[in-house]
């Protein structure tokens, strides 16, 4: 109550901050008249003047009013667009390193030019991050005209571009690209073998467009560079043939071989199913001996393949989670509906789906480098973002990224009507209502955008509309090449557009169609009269659509996140235009079935509803939103959990990458190598000649043999020590050190000091990279089973940190030993051989990177993970008796009437006891 009173008196934090920024807007506006009087040359010269001021010590904050005013005036002259006051506020929010929530159609792309221009003046490079390559190239080309006019260079990075072009793009003042490309290049730079091979020049300032999509939706997707492993894919094909012979259970307690946990996205074999699977695996010749258990230690890889195959068949649907195109399985992003070409699910899931679909199964991949988007974007010294929907995730932005969300007011009031949800008993009734609504809009000349959650539904609706002879367009992952054209025409009178979540984010749907697109299609020789005629026709269409009610949004299903629903609604009602939205739901929808169906079903039963009847009640909508909040909270917990674990990896990643940077920047690492060599020799001698030990405990033959086998050094220690008195471990260490130092000095003299320095750097980099790659694989294995420590009353995260530290320390010690051993073994006779070796290694890395892939690594869901179930099954396989509960009465729901006849709900009666 006190908080609400204070808010009424002083305004919310958002309102107070907006008032402060409005005072700076007044300063910017005061400069406009003077700047309008300047010639183009004088206005362009302001950029040089600003750069000099920065070199003289002036801060960007002090420059902000004048720099924003210059950018606005330049935009008016070059692009024909002048920033509104609210857009100036949005620009300031971005410069301050915050997230600006701006509604669809408020000109986010134009807003970004203000902080981009100001921060690019510092000369450190600004990265503008977009959700796809099309938007990166479009914005770089369109806004590049403004930046180039102001004397700043612009580059764009995209997959597969030539090395020289990418170097130039990162060398520009402003670089556009996708989150994937910036992340991939960051990892690739940290695999480079020389400074010249690196692209990026540090991560200083980034503006992330559609920040919620990148920092929230994709936060559970680590970016992974992987190369093919050695294992044959044949086992996936053989295991896949077994799955159709297993029976799915309706629920955990029904008969069958496996049951599906849709909330947790897991599939579990029953006891009967485990026996049946073992029998089938024996018949297929995959398991050997008759008494060979599926969960015996030697068969763990078979368990891995079986789990992957079960998930592929039970959880992943074609044209929903993936499509098959040109003989390949291509992932469909669950949040955007776009295809993710080149990306693969990890843990053998992708191979299992390939086997299921009968396409060539590619080899599993080994992780070479990885980073989550969470940790990638936290590397930037300053980060900001824009989106139309961030406020629902404000807590996550603040707690994970330290980013505050500010809601920017619209330039004109929003007049869109959001109608209550309509809820039906089944999908067929729902889709009948959707089709009727679409036909009604088309007849009245009102454009309609239909949002679907999958390609399958979009194509099903398309088929029904085709039969009804309703002209329409489909925008999904299969037609993404025509995205810009479809979106440009989606606002035409009576246009019907069916879209998956992708829905053309980044491109406004203009009522009456896109005027710019129509003008661009005119003949280059078109007269002003032709252009006027086109504009007049567009104005008529624009007014006709407004009179029909503007763009109407139909949602065919609620998404797990309210934010995705709001994004769909936000397509209508841009810049004060009319518009409307309505969601059609059924009890068979995923969200309703899993999270919200029980309460709504009871309401429907009480109302005596039958097929075709509909509920339209705000209380139902609120109940659904409550379910969405639960899912959002659960997904936040998963992302936070992922970050907690990845933070451990991140600290290690920072150490390794910092070490690589030092190696690449150093002219010579001779002192480091000498220090490492002495440390390694001391450890080696201690291993065979322990300190404070007696002669009988020494293993001089073992030490001598190790020096010979690992380092190629013949040192007759036993003969050297014969007849000497008072020989101890310290004396032996001195003799070995001296012999090794002389051996290294002789090698350096034979090949030359310069070649030796190059060899030392090359070996150190190569061994460090190999050690890090193997360490990543070890960490993956550790992480997969670490939660089982909970059974031993231990805290899994603390155990993970402890073991990760031990593994990392072991890896560093191994790298030291291997570096010294490699330097002793490698035979280089000339500078030319060294150059050839470096070139060969560089070609291998280039080839590896060309073959590398992005991978999705799915985070776990509700309930117990696969590994915990596997442990339980292992115990069963080893003869541990697990009692099976047999239910002799029907299961009673918590909110059902108690069977005792009291009339109370079960949870308030006998349910209290259980």
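Each residue, glycine too, has its Cβ placed from N, Cα and C.
Swiss-Prot annotations:
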| type | residues | note |
| --- | --- | --- |
| BINDING | 87, 105, 106, 107, 108, 109, 508 | ATP binding site |
| BINDING | 898, 900, 909, 910 | Zn(2+) binding site |
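Look at the binding-site residues 105, 107 and count other Cβ atoms within 10 Å of each Cβ; 107 has the fewest. Local packing around the binding-site residues 87, 109 was summarised as the count of other Cβ atoms within 10 Å of each Cβ; on this measure the leading residue is 87. Fewest Cβ neighbours within 10 Å among the binding-site residues 106, 508: that distinction goes to 508. Those same-chain residues not listed among 87, 105, 106, 107, 108, 109, 508 yet with C-beta within 8 angstroms of the centroid of the ATP site C-beta atoms are 102, 104, 110, 111. Residue pairs drawn from 87, 105, 106, 107, 108, 109, 508, the listed ATP binders, are separated by up to 17 Å at the Cα level. Around the Cβ of residue 108 (ATP binding site), a 10 Å sphere holds 24 further Cβ atoms from the protein chains shown.
Secondary structure from DSSP puts residue 87 (ATP binding site) in a helix. DSSP assigns residue 508 (ATP binding site) to coil in the three-state reduction, placing it in neither a helix nor a strand.
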